[in-house]
């Protein structure tokens with residue numbers, strides 16, 4: 001990670017850390033880096049989620065892109081994977097998404113996709129950062145001829161919807177489904193897609209006002225959806241996050257089905273169809289021990305990466321795997337798209353239910369999840385989170401807790417990729433043990449580097 005770019009683009013509090021001035025620079029310098037070798041006029045797609053700051057940042061970013069001669073196509077409010085899909089399909093030079101995903105409305109972010117639809121490599125991000133930090137802006141400044149033009153590309157959302165529907169390979173007639181679009185980007189597509197696929201729908205989190213994105217709705221707050229599933233007697237609920245690159249489901253009983261369980265369900269189905277490349281699923285260090293045991297029993301190999309969907313995708317590309325994801329709900333189907341896609345994942349999950357004739361609770365019951373506890377400790381700043389593992393007291397308590405578990409569980413302490421948080425996670429055979437381990441470590445972390 002560089003000075004400005006984290007694991008998922010540039011993030012910060014809108015108009016405080018991520019300012020219009022920074023957005024302009026990212027547009028100008030990012031656009032130049034991504035299009036400097038184009039033979040014709042470069043074309044860049046820009047999308048955003050529903051945050052109130054999205055229009056402000058989009059205006060500045062687009063101005064920066066236009067200033068270096070780039071033709072900009074404004075997609076408006078669209079899911080992050082929609083930008084990635086359209087860039088690759090239409091042969092655009094690059095794409096930019098303005099979103100802070102599952103973060104609250106006061107935050108925003110800017111992430112770039114290359115012409116191949118994948119997130120930028122570290123080298124390209126460092127090149128952009130070097131231009132931002134240079135003492136002088138030496139990039140071309142055309143005055144009339146050579147400036148870019150801005151085009152509305154609202155039909156891009158409809159193209160993305162059409163693509164999603166083709167992946168269902170049939171319809172979902174007879175299924176009662178609750179959708180939760182998190183008052184976010186999926187509100188422009190999810191209802192239309194699943195209605196066209198003939199599901200019987202109830203939709204919540206579909207009234208964005210610029211401030212309510214992810215507030216008590218969406219994949220990080222599936223409780224409202226779970227309640228609605230039970231109330232309506234639905235077959236399942238499908239919750240997306242603010243930019244709709246994640247999916248968390250709930251079964252017909254209102255029980256949460258997280259990314260681990262969804263990956264197992266879909267991975268096992270793909271294996272049975274001979275469509276799981278190298279019989280392997282790529283996941284991260286956050287995936288539950290019970291998930292790995294279920295994979296082993298099903299005859300599925302697993303490859304484990306660092307946390308972050310970009311690392312899952314890197315591993316998949318490097319070794320030609322086609323399915324992977326994270327416990328948090330990012331799932332990547334490289335046969336269909338280049339990045340995590342919540343709506344695509346939802347369609348694939350429903351497809352497994354349709355093809356097997358099984359309920360979601362029945363499919364999910366094959367994975368026995370170890371009790372897991374995750375606590376996010378807010379620390380003083382990003383420097384504190386990065387150096388946390390060098391603090392002797394923190395090292396000592398982790399070592400003591402690992403010894404006490406005697407190999408029957410695991411501990412993971414890591415910095416957040418996007419916020420000043422230290423994530424403390426443990427798994428153990430019992431809730432009592434996992435609570436003791438996490439609470440003991442959290443107490444020391446808060447004392448040493450926590451926000452007082």
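Note: Cβ is positioned from N, Cα and C throughout, glycine not excepted.
Summary of the site annotation: Swiss-Prot records Mg(2+) binding at 241, 243, 245. Screening the candidates 93, 101, 387 against this entry identifies 101 as the one listed for that site. Sequence-distant neighbours of residue 243 (Mg(2+) binding site): residues of the same chain at least 6 apart with a C-beta under 8 Å from its C-beta are 49, 79, 80, 97, 99, 101, 184, 185. Of all the Cβ atoms in the protein chains shown, 34 others lie within 10 Å of the Cβ of residue 241 (Mg(2+) binding site). Neighbours of the Mg(2+) site: apart from 101, 241, 243, 245, residues of the same chain with C-beta atoms within 8 angstroms of the site's C-beta centroid are 49, 79, 80, 99, 102, 184, 185, 240, 242, 244, 246, 340, 342. A sphere of 10 angstroms centred on the C-beta of residue 101 (active site, phosphoserine intermediate) encloses 31 other C-beta atoms.
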